Amino acid sequence: MSNNNNNNNNNNNNNNNNNNNNNNNNNNDKNNNNNIDSSIKEKKLKEWFDKFDVDKDGSLDSNELKKGFKLHANIDMKDEQITKMMERADSNKNHRIEWDEFLKVASDSSSPEIEDIAEHWLQYSTKPIVHAPADVPSWKLLLSGGVAGAVSRTCTSPLERLKILNQVGHMNLEQNAPKYKGRGIIQSLKTMYTTEGFIGFFKGNGTNVIRIAPYSAIQFLSYEKYKNFLLNNNDQTHLTTYENLFVGGAAGVTSLLCTYPLDLIRSRLTVQVFGNKYNGIADTCKMIIREEGVAGLYKGLFASALGVAPYVAINFTTYENLKKTFIPKDTTPTVVQSLTFGAISGATAQTLTYPIDLIRRRLQVQGIGGKDILYNGTFDAFRKIIRDEGVLGLYNGMIPCYLKVIPAISISFCVYEVMKKILKIDSKKISYQS
């Protein structure tokens, strides 16, 4: 009985082996057929190429292409169609289509018949080409953006500091510190000068400049990388509004995560008026880690992400939509237009995200000098600010912020344009809208 079972098993194994062999043979046959079909198709395409090549010089000019389609397919191509077909297929830009260029285009047609080749080539020639900004060396873009950001932040440092002091003024972080809340812009700046001298206008700015260079670089590169990923994968020439919002938000969060400790240190140095608790970036970092742990360097990170992501998203999207609405296709905006669009987009983004920015600052600076912790997280801060200060409390320091955003954007764009000229960067290659 066992011998019979063994024989049956052997027979089954043999059958399985035979089936596997048959499958392998079938796969080999398919591969061979594909190779044969490809070879036959290429041979047929070469015949068509030779028929079109009337002067037998191994390449086709626009006249040969037009006459060939008319003679062999009875298709009367317009001159502009032939021009587009030539431009798309002519990879070496010699105004002629050589055999390898013809094969590259025609091999993707549904069949080697001339009618199908013509239809495919026409569709291929009108298919959008996505020009990635990678043509410009990354270091040029990073340098231009970094210098522009540093100069603009330095020029608007007094208003930036005034904004932060208004945001956190009620927290009484230092005894005898002057009150800025409720004062006018001019009076507040006078108080700052009287109390701290000219240097008071720029407290925390060194940290801000050090932070803004990598922040701008990472944000710019992240935006371009995410944008090009969507464009290349979806075969698009520009992003939709929703895609721009997503890409801008992702770029904002990426840059924030990489530079957040510097932003927090900058806030601590900025709100310091009389005291010398913190002496520079390194000392501030050491003291925060010693008193609050490493986690102290990331206080308010969640609130910051909630504010930065929509801010950058709205900023980029508003700017792109303004360009799309008012700038003719295939042209770049003038300096004045760029300044105007940038100011509008920055003001729009700031208005919509300012409450989150205010909460972020308060979370970053609470606990300084052993002061009480007022807020237990983002949502607790939001609730208590409305309860204690009203809805308008979410907008403390808004006017100085507006006055800072517009010149900051303007200066940034102006310096950026100068840097592009110095570094000979072609504006068309780095347009956000490819």
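Even glycines carry a Cβ here, placed using N, Cα and C.
Relative to the membrane, Ile281 and Lys424 are recorded by Swiss-Prot on opposite sides. Put simply, of the binding-site residues Asp90, Asn94, Arg96, Glu101, the one whose Cα is nearest the Cα of Glu64 (Ca(2+) 1 binding site) is Arg96.
The Ca(2+) 1 site is set by Asp53, Asp55, Asp57, Ser59, Glu64; from the centre of their CB atoms, other residues of the chain with a CB within 8 Å are Phe52, Val54, Lys56, Gly58, Leu60, Asp61, Arg96.
In the three-state DSSP assignment, the secondary structure recorded for Glu64 (Ca(2+) 1 binding site) is helix.
The binding-site residues shown are Asp90, Asn94, Arg96, Glu101; of these, the one with its CA atom nearest the CA of Asp57 (Ca(2+) 1 binding site) is Arg96.
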